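Here's the structure we're looking at; comments come further down.
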Amino acid sequence: MEAYRQKAVGQLGTVGSGNHYVDLMRDEAGFVWIGVHFGSRGLGHTSATRYLKAAGGKDGMNVPPAIVDEDSELGRRYIAAMQLAGRYSYAGREWVVDRVRQIIGGKVTESVHNHHNYAWRETHDGKDLWVVRKGATPAFPGQRGFVGGSMGDDAVILEGVDSPEAKASLYSTVHGAGRLFGRNEAKRRFTREEMDRWLNERGVTLVGADLDESPMAYRRLPEVLARHAGTLKVLHTLRPFAVAMAGEGEFDPFKD
């Protein structure tokens, strides 16, 4: 456990590579929002891998799921570890947001925080369920959430609504726009010049990032949200003006 603790201490407040980011955005009233996207870093990955192996499962995309009784010793320990990783994610994101706030000045007047890739214990239609939202986030009636686009695209603050469509989705919504092309395909299709031109046309200053995160590799968020119109309402549209991501070839010592 000491190794886990040391890893958690060392990684707190680190953002990571891939599609993780720190964005500065403005809403329609001119207020600045700090948007961050990252999770429990190596702590969560290491913990999940450990319990997956203990359950006899295999890591990978196209492998059978590992099923564990929630009332077993292994099940209880895994749930506790997952929930700890969730709290750690919140702490890391809050640390980064506060650090950026200190740099740019100002005070927090509104805050929105939500998970994805997590499991929640919920009741739906009178049934007590574990709801796993992979690539999705909760959107219960009145619950607000942050949904990011790609770099250079608008993000939104949304709110869940009560509707048959929302109920059918177990009150869930997207956590981002979603990819059109995988990382390797994006690198083959697009150039740095194309990516820079896209961002310059939209007035976005970019620090870091690689072609695998090019905005052309992603769907347009308004089109995605239009498909979910019956399950949510948009409260704020956030236009990015500064984006920070891990750069090409940058080494991330904490796999997440």
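From the backbone N, Cα and C atoms, a Cβ is placed for every residue, glycine too.
TrEMBL does not curate its annotations; it predicts them automatically.
Here is what TrEMBL says about this protein:
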BINDING   His20  Mn(2+) 1 binding site
BINDING   His37, His116  Mn(2+) 2 binding site
BINDING   His116, Asn117, Gly148, Gly149, Ser150, Met151, His175, Gly176, Ala177, Gly178  GMP binding site
ACT_SITE  His175  active site, GMP-histidine intermediate
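Features recorded in TrEMBL, as mapped to the structure shown.
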residue: His37; record: Mn(2+) 2 binding site; contacts (Cβ under 8 Å, 6+ apart): Asn19, His20, Tyr21, Gly148, Gly176
residue: His116; record: Mn(2+) 2 binding site; contacts (Cβ under 8 Å, 6+ apart): Arg133, Lys134, Gly135, Ala136, Thr137, His175
residue: Ser150; record: GMP binding site; contacts (Cβ under 8 Å, 6+ apart): Ala177, Glu213, Ser214, Pro215, Ala217, Tyr218, Leu221
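Within 10 Å of the C-beta of the residue listed as 'Mn(2+) 1 binding site' we count 19 further C-beta atoms, all protein chains included. In the three-state DSSP scheme, His175 (GMP binding site) falls into the coil class. According to DSSP, His116 (Mn(2+) 2 binding site) is assigned to coil rather than to any helix or strand.
If you draw a 10 Å sphere around the CB of Ala177 (GMP binding site), it holds 22 other CB atoms from the protein chains shown.
Per the record's binding annotation for GMP, residues His116, Asn117, Gly148, Gly149, Ser150, Met151, His175, Gly176, Ala177, Gly178 show a top Cα-Cα distance of 21 Å.
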